Amino acid sequence: MDHPRITFIGAGNMAASIVGGLVESGQPATAINASDPYPQSLEKLREIAPVITHADNNSAVDGADVIILAVKPQVMADVCTGIASAVQASGALVISIAAGITIDSMRNWLGDQTAIVRCMPNTPALLGVGATGLYANEQVSEQQRSFAENILRAVGIIRWVDEERALDAVTALSGSGPAYFFLFMESMIDAGISQGLDRETATELALQTGLGAARMAMENNVDLVELRRRVTSPGGTTQAAVENFEAQGLRTLVSDAMQAAAARAETMAKEMG
Ligand SMILES: NC(=O)C1=CN([C@@H]2O[C@H](COP(=O)(O)OP(=O)(O)OC[C@H]3O[C@@H](n4cnc5c(N)ncnc54)[C@H](OP(=O)(O)O)[C@@H]3O)[C@@H](O)[C@H]2O)C=CC1
Ligand SMILES: O=C(O)[C@@H]1CCC=N1
């Protein structure tokens, strides 16, 4: 099978970014179906590519090889129970991108033997530079694993994890991670302004610095500690700032925040499972 027939349930932000990446990577739009109760979301999706749209989830699932559940965790139970018979009849692979919804919950709603890949992408997928962690249950075949890989690779890098629990750590790191960097850049901009820069200048310098640092970390074959050492002249300005970060417990702060995110993913699984 050259191109699997892919169905998106939910045509929001994440679905739109994955559709964009898929079509760019050669998946024909005519082999993509999407359903959403909100016609405007479907129209927006068709501005990206001429996919086949449905108001009804079951009609979108009909004939699919891969079904991507791209709805909010809160509506997942209703969506899954509503398409369960059609999913069982199709034998399709189900891919969920919802935070904190476990494979056990999905098997309860969809049927025991459903092949499920649970994954956690992030919003840079919108630009094709996402980072996704994936986990497959036993029912997923080799061919279905490669479908899942190709779909998520169309919007960035992918990493399989061996245990489903690890997806909570992936959520805490790369799923929520873009927001941490935005917060850090916001803080740098505010600090620059309070030291006398105008907002536009502070913003431009902070964003370009973020981009430059990320590119250096990815493109130079040098580890982060060494890259940091090269910026930090002994007795200079960077040392003064970094010592302040360390003294105020930046590492503990980051670790505690990521633990809160992972714990929230676990609680969501209990609340919505
Ligand atoms: N945003 C992020 O950073 C990340 C999000 N995720 C996960 O991705 C998933 C989707 O998020 P996102 O794209 O941001 O959300 P959106 O709200 O943009 O998209 C969800 C879409 O599903 C539609 N929908 C609601 N009910 C149904 C239904 N019964 N059947 C079909 N479609 C329905 C919604 O319509 P309507 O607007 O009318 O309700 C909406 O268009 C979430 O589960 C989230 O946890 C994963 C990684 C990162
Ligand atoms: O905040 C959330 O719950 C979702 C999951 C990861 C990013 N956004």
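Cβ coordinates are placed from backbone N, Cα and C, and glycine is handled just like the others.
Predicted automatically and left uncurated, TrEMBL annotations should be read as such.
Positions annotated as NADP(+) binding site by TrEMBL: ILE9, GLY10, ALA11, GLY12, ASN13, MET14, ALA70, VAL71, LYS72, PRO73. Look at TrEMBL and you will find ASN57 tagged as NADPH binding site. The domain 'Pyrroline-5-carboxylate reductase catalytic N-terminal' annotation in TrEMBL covers 5-100. For 164-268, the entry in TrEMBL reads domain 'Pyrroline-5-carboxylate reductase dimerisation'.
Checking the binding-site residues (ILE9, ALA11, ASN13, ALA70, LYS72) against ASN57 (NADPH binding site) with a 10 Å Cα-Cα cut-off leaves ILE9. Non-local neighbourhood of ILE9 (NADP(+) binding site): ALA34, SER35, ASP36, ASN57, ALA60, VAL61, ILE67, ILE68, LEU69, ALA70, VAL71, VAL79, ILE83, each in the same chain, at least six residues away, with C-beta under 8 Å from its C-beta. Each residue of the domain 'Pyrroline-5-carboxylate reductase dimerisation' (164-268) gets a DSSP state, and the totals for helix, strand and coil are 87 helix, 0 strand, 18 coil. ILE9 (NADP(+) binding site) falls within a strand when secondary structure is assigned with DSSP. Here the binding-site residues are ALA11, ASN13, and the one ringed by the most other CB atoms within 10 angstroms is ALA11.
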